[in-house]
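Here's the structure we're looking at; comments come further down.
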Amino acid sequence: MESGDEVTVGMYSPVITPFTPSLVIIWVMALFTVALGSFWSGKVRHKLYLNERETIVRVPGEGEQESVGGMPQEETSMHVSPFSIVGFVILMCLMLLSLYYFYQYLVYVIMAMFCIASSMAVFSCLHPLVSRIPCGTCRTPYFNIYLVRGTLELRQILLLVFAVSMAILWVVMRKQPWAWILQDTLGIAFCINVLRMVRLPNLKICTILLSGLLVYDIFFVFITPLITADRKSIMVEVAKGGASHEQLPIVLKVPNFAKEITQVCSSIEDYNLLGFGDILVPGLLISFAFSFDLQVGTPRYVYYVVNVIGLRPRT
């Protein structure tokens, strides 16, 4: 280029499309998690309900019922009251505020809790499959280590080692570009296990919980920017990690595959995120709906199918 040559300068604005392949991937993962977790939960609840009916006999002349067998059984649902649900929502608010102000310390506590919970979840989710393997049935001697007691089969020990190794590998490699696959795998197992174990007793409790979490979500996402000094959402800042180099592992994350080289200056995030709450909250309702389908005998599990079809995760 010589002096006097004409130079044309143009402003470029990258095209930000509302649809990317990563959104499809994260939606499929969320749909799979909710559908499988709620289906498993409903089946477990219905099985416990049938067992409860079979093991209860009426005492002649008294009109009372007593269980036979003398063995404690897993409850069909949690015994929770509306006040305990309100207390749970308040506890979530306090936890979110604690993370907002003490993120650099609590993030490692959450990571440790995630590793423990996800390891247990992987073990629980894969155990029904591993138990079908005909080999490795030899057992260890009886052990009693603090609160852990009993015996384990060889195949159970190998599964436990595999589950713990996945969590440890994620901790060590969490900064790698491919670590999101491992985090999502652990997260999906965690959510499925929670849906399997947490069974709400009735529609009233479901309604109170969902209503309380709706208010919680609206306040910390849309209202807090109006009252915070930096005009930022508390929930968004906690989800993104703020100024910290660590991020909470309580999300499903998928890279933005559609990001082009020309979009390096755009406002599009490197990852699309979906919090576990956006999976667990509707999943708890769908779990109850499916258990209702099984108990009442609705044709083609209509409540379960309609609720699953209506899922549209918010990313």
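Backbone N, Cα and C define each Cβ position, glycine as well.
As given in TrEMBL:
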type: TRANSMEM; residues: 20-40; note: transmembrane segment
type: TRANSMEM; residues: 83-103; note: transmembrane segment
type: TRANSMEM; residues: 109-131; note: transmembrane segment
type: TRANSMEM; residues: 152-172; note: transmembrane segment
type: TRANSMEM; residues: 178-195; note: transmembrane segment
type: TRANSMEM; residues: 207-227; note: transmembrane segment
Query: Should the transmembrane segment (83-103) and the transmembrane segment (207-227) be scored as in contact, given a threshold of at least 3 Cβ pairs under 8 Å and pairs 6 or more apart?
result: yes
Field: Close approaches to the transmembrane segment (20-40) from elsewhere in its chain (Cβ under 8 angstroms; 6 or more beyond its ends)
entry: 184, 188, 191-196, 252-258, 271-272, 274, 278-279, 282-284, 286-287, 289-290, 304, 308, 311-313, 315
- request: Verify whether three or more Cβ pairs under 8 angstroms connect the transmembrane segment (152-172) with the transmembrane segment (178-195), leaving out any pair fewer than 6 apart in sequence.
  value: yes
